[in-house]
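Taken verbatim from TrEMBL:
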type	residues	note
TRANSMEM	9-27	transmembrane segment
TRANSMEM	39-62	transmembrane segment
TRANSMEM	83-104	transmembrane segment
TRANSMEM	116-133	transmembrane segment
TRANSMEM	145-167	transmembrane segment
TRANSMEM	179-200	transmembrane segment
TRANSMEM	212-230	transmembrane segment
TRANSMEM	270-291	transmembrane segment
TRANSMEM	303-322	transmembrane segment
TRANSMEM	334-353	transmembrane segment
Amino acid sequence: MNTPLTNRQIAFVVYCTMVGFGIINLPRDMAEAGGTGGWIPLVILTVVFMFNVYIISYLGYVNHGKTLIEYSEKLVGEFLTRIISIIYGIYFFMFFTFITRIYAETVRMTMLPRTPSWVITFVFFLLLYYSLSKGLNVIVRVCEMYGFINIVGNIFMSIIIFTQGEIINIRPLFVEEDLMLYLSGTSKLIFAFLGVELLFMIPFNKEKNSKIFKYTPAIVGITGAMYILIGESAISIGGIELVTLYKASVFNIIRGLDVSYLEIFRRLDGIYVVVWSLNIICSLSLWGYGVQQCINKGMNIKESKLVIALLVLAACIIAQIPESTNDVEKLLKYNGYLGYITSLSLPLILLIITKVKKYDKKTV
């Protein structure tokens, strides 16, 4: 039986789910979204998702003790609830499956060139099975620890990278004529903010989570600020032209640095791989938990290790279907479009229904 999560634990769930694979290509995406003004689309998305995570937190709080699949039935009916559970199940499963595959491909290209990607994928899915079998509370405690390490590590490395870069490479910070470019660029960066919708699968506790409305928007704001720091520091090294050339742009830029005054820590790429991998484990464990909840709640199946084993086995097999990394990236891109529904549209619709029917007055 899962014990209620604390506000801080829920905040780290949001952080660890958001800061998954998307962060490794963040500087390139920023450069493509707005050039040296790529920080502006990030600010816009940060504000949007702070508001959005507040909505999701509010829905979870007023329907305390229940997940989306459980309380949506009274809001939209049984039929639409089944559709919602299918949409979220597919959405979570796609991220769970193909982020694992693309992580394996990235590890193979950057560190283990002689190891087949399917071997790395298989080993990582075994690790995810073990993680999921331990339950939500264990996953969240790990996220709480790894998430803090990840935040400190990312900020530390970004500051060090800034000391090696040139301010001229990030100028001009704002070009008035590019305002429409900045607005349209938000679509290229939305992937970095997907994950807040996983809160729909976390039951809130009325007593323990009374201050949750401060924690979840705050962690999104902190994450957005960290994204800007990471992107701007990477761009400061070689400018827009350099970061747009690289896949895994953060890793490749860090790998090219040799910070002599750090002595034993002068090679930042090793530190980065550890920090990044820790968060990937947390992120994928949470995506997998989301799929598990959609299956269990949507089909009224009792939680068991058999369901987890079948889920991981299916994901491991399907992850091998795409022939190339480009195919995997396309699938993740298309799944990201579904994020407009799962993380933006649907929460707003459910909030309107809750307010119109005054369910929040009846349940709080």
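Going from the start of the chain as shown, residues are counted 1 onward.
Placement of Cβ uses the backbone N, Cα and C atoms for every residue, glycine included.
Note that the coordinates shown come from a computational prediction; the quantities given were computed from them, not determined experimentally.
Taking Cβ pairs closer than 8 Å, the transmembrane segment (83-104) reaches residues 20-21, 68-69, 72, 76, 117-118, 120-121, 124-125, 128, 194, 197-198, 200-201, 280, 283-284, 287-288, 290-291, 294-295, 297-298, 311, 315, 318-320, 322, 325, 328-329, 331-332, 335, 338-339, 341-342, 346 in its own chain, all 6 or more past its ends. Counting Cβ pairs under 8 Å that are 6 or more residues apart, the transmembrane segment (303-322) and the transmembrane segment (334-353) reach fewer than 3 and are not in contact. It is 39-62 that, among the stretches 39-62, 145-167, 179-200, 270-291, 334-353, forms the most Cβ pairs under 8 Å with the transmembrane segment (212-230). Note: the stretches the transmembrane segment (145-167) and the transmembrane segment (270-291) are in contact (3+ CB pairs below 8 A, sequence gap of 6 or more).
Contact between the transmembrane segment (270-291) and the transmembrane segment (334-353) is not supported: fewer than 3 Cβ pairs lie under 8 Å, counting only residues 6 or more apart in sequence.
Residues 10, 13-14, 17-20, 22-23, 26, 29-30, 32-35, 37-38, 40-42, 44-46, 48-49, 52-53, 56-57, 59-60, 67-68, 88, 92, 95, 216, 220, 223-224, 227, 283, 286-287, 289-290, 332-333, 336, 339-340, 342-343, 347 of the same chain lie 6+ residues outside the transmembrane segment (179-200) yet bring a C-beta within less than 8 angstroms of a C-beta in it.
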